[in-house]
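**Q** This is the structure I want to talk about, given as structure tokens.
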């Protein structure tokens, strides 16, 4: 039996050679637990005549990954095999790889079709010796197997469907793409990215330095006008943004309701549902970034709109397909008055924006005055109990996980962009709160800090966090100026207001590394101090930029220009960790370069790349299933696996018990200190999760993607959660509602083939807003 080598030559299969290759990659691993011979034997079983060495490496990596539940070092070995395989298939020098990407010729038409931009190529050519010399390829081996496979699938650039970039090449491309001729800053960014202190968002990793360098994650639009022209002009904007891998939030509260008169044609409106069907089909049609992500939009509606009940049914699993839009996400932009009416079991008037104009343009007391005026004038379409609408909201959430909930008054009252006008919607992932109108499309560029990295020698390094945040601010601020904008209205908005969004990932990992239970007082205190530090560092960096370049165009009249910062709007006094008054004085003197700074996003894909838990979320399970080409296998929370292995507590009995309990360790006989630290999201009171969101909210000037997890949701549980979040002043009341599937049938065996832990889908989830 023979294998085909990379150079095309045939060679007889040699077991010893396969074993030797695997053994070479076991350096530094625990040799008491890692068995290269076992991996090699399984590889031999999968060999067929004419198999390539690339396929052998791929198989060996997958086999090693399947052994991860035996010891965490197998995950490292799997990644090393996969990375080593890529290194053998790609050129080493960064400059040569960039040259190949620039010189790409489309084989279909013979035209020069550069994948990277000419300016990127010029910079690389001028500084190639320096850039080539600072890249440290060993850092590629720091990715875990699934992080590396995520990079391979969507992030590393390809020529004719063959990957040509290594992870380090990608990171240097991103750094050069952002900083261009400022090589020292590019190298600083490269090192921080490659050491995993932070990551830029997926669109930045995809597109920085390329011919179409669209690096922004989020776009917020208002419907231009309640007319055929306005609706279809807005649709075109959405299509052009979606084409360039942007996630969309769209407010439609100004579109007339069904049954309303249309003066131009003397007809009757069909309302928002047929219109949204058109938007849904556009989302389905547009394929973003060459299959990197399908088109996605979140549609925002205020609950006074007469079509609200039909809107809440849009994602239901049953009913007339003509009234469903399964490819759009739905979200509610809820005024406080609605919550008060629900609380008091009052009446709620449903209105048409054509007959009751201006409701979407006002908030707070002004909204209440206008709404009650229309009620007194009997301009409403109908009156129902507020709780009837509320019940429909809850039922939709229990069935579909949506609509998302955002509080209109909190979003406007506590926004540093309040001086621009009324904010009418958020984005696809509910963390961006920015002003948009018919002439401006709001944009946000994102990045996320890997909080686990700042746990150094058993303590959290706040000073290092502040320093890294300041680099991120400078990077995101540069992206605003060099970005490729899909539509001019987006460029106008972004350059006028210059908002950015800094988020986090690995909060749960940081708590675990410090041995803090997620719901402990220590974790709650650290949660506040982390976000206080991020906000402080971001403000300091933005003020320093304003000192050099001037404040953003619409700074005058903002809260910050009057010495009011986000925590003031929450009536919160910061800790004594940072000296706020001198910073406020400096901001009064120089202003800020950016109107908004902090926005914790979901980080779905980038957290997977860096091997961290998502965003600010606790772990959802301590064991789950991964799907790969060779089948399914179990992955255990790496922190838990390591601590149990070190304490000689890990065995098949414990593994099967955790699998039988759906990823929980609370019913095992493990020590109580471990059980407390490794509670899953289902075992942590949601009230604590919401309270921690409010605690950090005082230092988040945009908002945060906050999921609610309730294993067995009910009307009363969800209502209680929503009203608690609203009472605490949250801007985002809920991103998704996550529930547990119905209980599995009684399990008669603990055999791993019979027990199915939760499956984690390996597809891209909200890559656009993934920081």
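In case you wondered, yes, glycine gets a Cβ from its N, Cα and C as well.
Take a look at what Swiss-Prot says about it:
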type: DOMAIN; residues: 1-92; note: domain 'ATP-cone'
type: BINDING; residues: 5, 6, 11, 12, 13, 14, 15, 16, 17, 53, 57, 88; note: ATP binding site
type: BINDING; residues: 202, 217, 427, 431, 603, 604, 605, 606; note: GDP binding site
type: BINDING; residues: 226, 227, 228, 243, 256; note: dTTP binding site
type: ACT_SITE; residues: 427; note: active site, proton acceptor
type: ACT_SITE; residues: 429; note: active site, cysteine radical intermediate
type: ACT_SITE; residues: 431; note: active site, proton acceptor
**Q** Minimum Cβ neighbour count within 10 Å among the binding-site residues 11, 57, 226, 431: which residue?
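**A** Fewest other Cβ atoms within 10 Å, among the binding-site residues 11, 57, 226, 431, is found for 11.
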**Q** Applying a 10 Å Cβ distance cut-off over all chains shown, what neighbour count does residue 13 (ATP binding site) have?
**A** 15
**Q** In DSSP terms, helix, strand or coil for residue 217 (GDP binding site)?
**A** coil
**Q** What are the DSSP helix, strand and coil residue counts for the domain 'ATP-cone' (1-92)?
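**A** With helix first, then strand, then coil, the domain 'ATP-cone' (1-92) has 51 helix, 8 strand, 33 coil.
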**Q** Rounded to the nearest Å, what's the C-alpha distance separating residue 13 (ATP binding site) and residue 228 (dTTP binding site)? Just drop the number here, would you?
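**A** Checking the Cα atoms of residue 13 (ATP binding site) and residue 228 (dTTP binding site) gives a distance of 68 Å.
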**Q** Rank aside, I only need the closest one: which of the recorded positions 429, 431, 605 has its C-alpha nearest to that of residue 15 (ATP binding site)?
**A** 605
**Q** Between the residue listed as 'active site, cysteine radical intermediate' and residue 243 (dTTP binding site), find the distance joining the two CA atoms and give it rounded to the nearest Å.
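**A** About 18 Å separates the two Cα atoms.
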**Q** Which one of the binding-site residues (603, 605, 606) has its C-beta surrounded by the most other C-beta atoms within 10 angstroms?
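**A** Highest number of other Cβ atoms within 10 Å: 603.
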**Q** Relative to the Cβ of residue 17 (ATP binding site), which residues of the same chain, six or more apart in sequence, are found under 8 Å away?
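**A** Spatial neighbours, sequence-distant, of residue 17 (ATP binding site): none.
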**Q** So how far apart do the GDP binders 202, 217, 427, 431, 603, 604, 605, 606 get, largest Cα to Cα in Å?
**A** 19
**Q** Within the domain 'ATP-cone' (1-92), what mean pLDDT does the predicted structure show?
**A** 86
**Q** Of all the Cα pairs drawn from 5, 6, 11, 12, 13, 14, 15, 16, 17, 53, 57, 88, the residues the record ties to ATP, which distance is largest, in Å?
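**A** Taking every pair of listed residues, the largest Cα separation comes to 20 Å.
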**Q** Please work out the number of neighbouring Cβ atoms within 10 Å of the Cβ of residue 228 (dTTP binding site), leaving out its own Cβ.
**A** 12
**Q** Among the binding-site residues 5, 243, whose Cβ has the fewest other Cβ atoms within 10 Å?
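**A** Minimum Cβ neighbour count within 10 Å, taken over the binding-site residues 5, 243, occurs at 5.
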**Q** Just jot down the residues in the same chain as residue 256 (dTTP binding site), at least 6 apart in sequence, with C-beta under 8 A of its C-beta; none if empty.
**A** 226, 262, 269, 271, 352, 353, 354, 355
